[in-house]
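Report on the structure given below.
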Amino acid sequence: MTFKTLDDLTDIAGKRVLVRVDLNVPVKDGQVTDTTRIERVAPTIRELSEKGAKVVLLAHFGRPKGEPVADMSLKTIASAVEEILDQRVYFAPDCIGDKAANAIADLNDGEVLLLENTRFHKGEEKNDPAFVTALAANGDIYVNDAFSAAHRAHASTEGLAQHLPAYAGRTMQAELEALEKGLGNPQRPVVAIVGGAKVSTKIDLLQNLVKKVDALVIGGGMANTFLAAQGVDVGKSLCEHDLAETAKAILAAASEAGCAIVLPVDGVVAREFKAGADNEVVDVKAIPADAMMLDVGPKSIDAINEWISRAETLVWNGPLGAFEITPFDKATVAAAKHAAARTRSGSLVSVAGGGDTVAALNHAEVADDFTYVSTAGGAFLEWMEGKPLPGVDILKQQR
């Protein structure tokens with residue numbers, strides 16, 4: 001995988017550098033409640049600022065549908081960016097036109113300016129050539145540090161790279177290098193853990209993974225659908241019975257590709273979906289008709305951890321059970337801790353991503369121990385599905 005990075009950027013003092021960042025952070029009562037995404041892009045902004053560039057930040061926030069919406073203004077985010085960077089961040093009330101141009105013209109070398117929400121213009125999501133040209137007029141160089149938006153062919157993620165010299169920021173670079181280790185050119189054996197509630201949201205993912213990994217562990221509500229497809233009565237467990245044929249096709253594809261499928265052999269069942277509910281461990285073939293499986297059981301955990309022990313590379317998307325409710329977090333926590341320990345010892349490359357996955361690893365207090373944890377959501381999932389990422393592909397073409 002070849003693309004230009006900040007290492008290739010020299011002599012940029014005084015240059016206007018347009019940096020696409022991900023500032024789509026949660027806000028409550030006007031306050032940013034989670035600054036993770038801002039922290040991720042801070043190193044790129046600081047590096048460009050220290051090199052004397054005029055740093056101009058481009059980002060979207062929410063879904064304003066091509067029109068200005070007051071509570072989706074990036075002005076709300078500017079103070080949080082300032083706090084993390086520990087330097088003044090100026091704000092312009094538009095991302096194109098005179099307001100943007102004048103604010104950029106007023107910048108001194110090394111200063112940072114945040115432009116207004118790119119999605120306040122319909123041309124952003126349409127990747128409209130006229131809008132791209134208007135954005136490009138504000139910069140000499142383009143840096144994309146928003147992998148999380150790389151699956152969208154929008155003006156600020158893909159269009160700009162066709163108009164200006166384009167580079168990957170440090171977060172984009174780290175993400176792409178980690179993903180290359182995960183599935184692009186991994187050390188084998190490769191084990192994938194895929195969990196979560198529904199097979200229907202991850203059909204493309206499963207079909208792609210069985211061709212690329214040595215073993216696929218299926219957990220969460222998804223496992224019930226696969227068990228039911230094999231004739232197992234899963235009681236009142238979450239199950240997509242209408243996807244039985246899809247599940248069978250995925251199992252057949254795995255068999256043909258030589259990919260081992262690891263399904264639960266036992267489970268933790270309960271009759272109520274609440275914290276501290278009465279529960280018991282049963283064989284998956286003995287799930288009571290009035291109960292639901294909410295986590296995989298101890299024998300299944302042992303089997304999963306055995307696969308993690310054999311793996312050189314682990315790719316993880318989705319929890320193994322209803323981890324947000326005690327005691328149905330045991331399997332997810334046990335597998336996460338085992339993977340983290342092997343990663344710390346240098347025996348495993350572990351790459352994880354997806355909102356629930358990040359929350360689960362944080363719950364297990366091991367997120368920092370994984371080789372890489374992606375906060376990219378949709379882009380991470382589409383990468384795992386083997387789909388093209390326009391924002392990445394255009395950077396490779398620039399090389």
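Each residue, glycine too, has its Cβ placed from N, Cα and C.
Quick caveat, the model's predicted, so the values are computed rather than measured.
Site annotation for substrate in Swiss-Prot covers Asp22, Leu23, Asn24, Arg37, His60, Phe61, Gly62, Arg63, Arg119, and the matching candidate from Arg152, Arg170, Arg188 is Arg152. Around the Cβ of His60 (substrate binding site), a 10 Å sphere holds 26 further Cβ atoms from the protein chains shown. When the neighbouring Cβ atoms lying within 10 Å are counted for each of the binding-site residues (Asp22, Glu324, Asp356), the highest count belongs to Asp22. Looking only at other Cβ atoms within 10 Å, the busiest spot among the binding-site residues Asn24, Thr357 turns out to be Thr357. In the three-state DSSP assignment, the secondary structure recorded for His60 (substrate binding site) is coil. Among the binding-site residues Lys202, Glu324, Gly354, Asp356, Thr357, the residue whose Cα lies closest in space to that of Arg119 (substrate binding site) is Gly354. Taking only the Cα positions, the spacing between Glu324 (ATP binding site) and Asn24 (substrate binding site) is 24 angstrom. Taking CA atoms as the reference points, Lys202 (ATP binding site) and Asp22 (substrate binding site) are 24 Å apart.
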